[in-house]
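This report refers to the structure that appears directly beneath it.
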């Protein structure tokens, strides 16, 4: 959700000085004034914890916010007044909501689309091509937001997204739909990233956690609204309105951003044309893009369209490893012109927030995918009703995300919430993995709510970490890295869960119902399960199906636990100034 760290990270750097408490933004301003006569490189960072404050000589930890002239954001900057901020927030929220809606609205429309285009074999592409292009260009947009005006890069990304949506809605063929989804994915990769950057330039740091949580919570709203809107459009109007709705939202966003958001100057001067081209690390991208496409295709196809041991999947993995290895070497040589600089990789706040985001988002997507499958297969409900039965988790995520954002602004620190999120979500995930066919509402409502509360505590925190702990000059690239890793986490976790589900289902069927055609059962899907299984074998098949789903839940639980590893390195930095 997007688009998330924590312990008392006490650095071991030499020549450190000890302080007695965590530092605030104003404390750092005072320190900066006192040392203004000294020559201090802006890339050095002051590491703080509840018990210590250190200034390491290396640049692995970038200086937190609070400085003005040395490249970090200063909270003394002017922000839009209340009514301008309200208009900007409406525009940003509509853009993020339509982008998130595009991930969920298509599911209930696919049967009608495949009937019209007679394109059942293309269904996999409808779902995979959008996140594929979205993930690949996120880091590129990080560079664009660094060297060009935030307003115009954002509006350009929005325009590409809306063009893709219009192509999807107007296309006369399945191929056109796939192309439109790919174009929309390209644009969406700059929308969420740009929305977070607009927030960082429009909202004071202390209030940013709440606003970030509000925007992030829209993913949960889209998770509920998407299938319902998709079903309504498909049944009462046309499936094409699943895509035509996006330009309506986009027009409002474009108008509000044009009128009310000041066009910020580029964070870095792009220089002349030749210098601009060199800053975009074209050599690195030449290896990165095909490497990521190979990896994501292998994760999408493995265990589904093709066996994991097939030559196609193995070839894709080998290709991705080779290309991404070359990309890493290129990044090492490119230094500050790299797509992912060594300074970013070494910064504990960046890699900690990225790892946390990878795990917590991965866990969320596993349960978002398999809880509706459990309701449809085990409880024998429709796709629409399964979405409603999934509300306890989604409402827990939305409400607790907003509450945690408010809490961070009040107490000043995001790290306690990042510690709590893996613990609470792991407990909830563990309870969800005990699901049985005879479980009633008290169990599936309560367990989902607990898990959703845990997720809500942490989902928005990685972006807050970046906004609070990273210099202004590096914020676009840092948010791009965290967002990119988030997308990758969802692809990896769902791929693992699908493989676990498939293997456990095959094992369970062989043990409980060997006469059932396993391949036919898997391709039938959860909603038609009872039509392809003989009545006398249904109970045994449901036992195997329930076991397969709960084993997939184990993957989500494991990702929740692993999120704590990402929380531990995060520095304790207050988002509050001195009152």
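Backbone N, Cα and C define each Cβ position, glycine as well.
Listed in Swiss-Prot for this protein:
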- 1-75: region 'Disordered' (REGION)
- 1-24: compositional bias 'Polar residues' (COMPBIAS)
- 25-35: compositional bias 'Basic and acidic residues' (COMPBIAS)
- 36-54: compositional bias 'Polar residues' (COMPBIAS)
- 45: N-linked glycosylation site (CARBOHYD)
- 85-105: transmembrane segment (TRANSMEM)
- 121-141: transmembrane segment (TRANSMEM)
- 159-179: transmembrane segment (TRANSMEM)
- 214-234: transmembrane segment (TRANSMEM)
- 241-261: transmembrane segment (TRANSMEM)
- 282-302: transmembrane segment (TRANSMEM)
- 310-330: transmembrane segment (TRANSMEM)
- 380: N-linked glycosylation site (CARBOHYD)
- 388-408: transmembrane segment (TRANSMEM)
- 411-431: transmembrane segment (TRANSMEM)
- 439-459: transmembrane segment (TRANSMEM)
- 479-501: transmembrane segment (TRANSMEM)
- 553-573: transmembrane segment (TRANSMEM)
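Residue 380 (N-linked glycosylation site) is surrounded by 13 other CB atoms, counting those within 10 A of its CB over all protein chains shown.
Remote same-chain partners of the transmembrane segment (439-459), defined as residues 6 or more beyond its termini with a Cβ less than 8 Å from a stretch Cβ, comprise 1-4, 216-217, 356, 360-361, 363-364, 367, 371, 389-390, 392-404, 417-418, 420-429, 431-432, 560, 563, 567. At the 8 Å Cβ cutoff, the transmembrane segment (388-408) and the transmembrane segment (85-105) share fewer than 3 close pairs (sequence separation 6 or more) and do not count as touching. Contact count against the transmembrane segment (282-302) (Cβ pairs under 8 Å) is highest for 121-141, out of 121-141, 214-234, 241-261, 411-431. Highest Cβ contact count with the transmembrane segment (121-141) among the listed stretches 85-105, 214-234, 241-261, 411-431, 479-501 falls to 479-501 (criterion: pairs under 8 Å). Annotation: stretch 85-105 has the most Cβ pairs under 8 Å to the transmembrane segment (214-234), among 85-105, 159-179, 411-431, 479-501, 553-573.
A contact between the transmembrane segment (479-501) and the transmembrane segment (553-573) is present, since 3 or more of their C-beta pairs, 6 or more residues apart, lie under 8 Å.
Counting C-beta pairs under 8 angstroms (sequence separation of 6 or more), the transmembrane segment (241-261) fails to reach the transmembrane segment (553-573), with fewer than 3 such pairs.
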